[in-house]
Amino acid sequence: MKTGRIVKLISGVYQVDVEGERFDTKPRGLFRKKKFSPVVGDIVDFEVQNTKEGYIHHVHDRNNELKRPPVSNIDELVIVMSAVEPEFSTQLLDRYLVIAHSYHLKPRILITKHDIASEQEILKIKDTIKLYQKIGYATQFIGKDSNYTATVDEWSDGLIVLSGQSGVGKSTFLNSYQPQLKLETNDISKSLNRGKHTTRHVELYDRKGGYIADTPGFSALDFNHIEKEQLKDFFIDIHEAGEQCKFRNCNHIKEPQCHVKTLVEKGEIPQFRYDHYQQLYNEISNRKVRY
């Protein structure tokens with residue numbers, strides 16, 4: 001029996017990496033009976049057959065798991081946002097941060113296309129990013145002439161997953177970091193202000209200290225796993241301020257003596273962050289119940 005990490009899934013075949021050696025495996029029928037499927041990122045025990053093939057017997061407990069797309073045991077989630085084309089959006093960034101925290105993932109913010117944005121656009125984005133740095137988020141800016149290896153060297157060891165809407169430059173980033181990958185890229189749609197999906201499945205690529213993965217571009221972010229009462233925990237600044245509210249179950253919407261709203265009025269919590277919290281809270285409150 002060998003132990004390795006699933007690095008790719010295509011047509012029901014799980015490719016497992018064991019210290020640089022790859023095996024094509026399939027899960028035993030027991031998994032199907034239990035209605036449980038391994039995912040990319042899983043640590044598995046498998047039995048070798050025919051030298052480079054085998055059957056998965058056991059999946060180790062997951063530290064965390066992203067549902068869409070399915071990938072597990074992530075050490076850092078890099079949220080890729082472009083400065084322009086598509087334009088930088090704090091609302092979208094906050095939604096990705098909520099997703100990250102809801103799945104117990106450590107997020108990092110990476111701003112691409114630094115070189116094609118105007119000086120005025122970059123200064124405006126940098127002023128905004130300072131607010132995220134104050135909250136505690138690690139942030140980086142890159143452009144075409146950046147040192148991609150130095151950028152990645154700042155990241156955690158283990159599995160790094162790139163996430164972000166289509167067209168922000170995730171595949172371009174990976175191609176610049178590892179030119180041998182030759183991943184397909186597309187220009188963004190001018191009418192939709194977003195890119196066409198070019199990554200169709202999750203695959204882990206080797207890097208110094210671990211792996212790196214692109215994810216299929218998101219056309220919509222799914223918050224169905226989050227209850228409205230949980231949302232405040234996924235806005236880090238709001239969560240910390242909320243500990244001083246008069247009522248323990250304060251949702252910072254209409255409740256009296258709310259410390260969060262006091263800090264928003266004082267400018268200590270950015271108004272746009274609170275607005276995004278309210279918008280998402282209302283969306284979750286108004287969603288239809290699924291049966």
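Cβ coordinates come from backbone N, Cα and C, glycine included.
What Swiss-Prot annotates here:
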DOMAIN    63-221  domain 'CP-type G'
BINDING   T112, K113, H114, D115, G164, Q165, S166, G167, V168, G169, K170, S171, T172  GTP binding site
BINDING   C245, C250, H252, C258  Zn(2+) binding site
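Sequence-distant neighbours of H114 (GTP binding site): residues of the same chain at least 6 apart with a C-beta under 8 Å from its C-beta are A83, I122, F141, I142, G143, S146. A sphere of 10 angstroms centred on the C-beta of C245 (Zn(2+) binding site) encloses 20 other C-beta atoms. The DSSP secondary structure for H252 (Zn(2+) binding site) is coil. Largest Cα-Cα distance over the residues recorded as binding GTP, namely T112, K113, H114, D115, G164, Q165, S166, G167, V168, G169, K170, S171, T172, equals 19 Å. The number of other CB atoms found within 10 A of the CB of C258 (Zn(2+) binding site), across every protein chain shown, is 20. When pLDDT values are averaged over the domain 'CP-type G' (63-221), the model yields 85.
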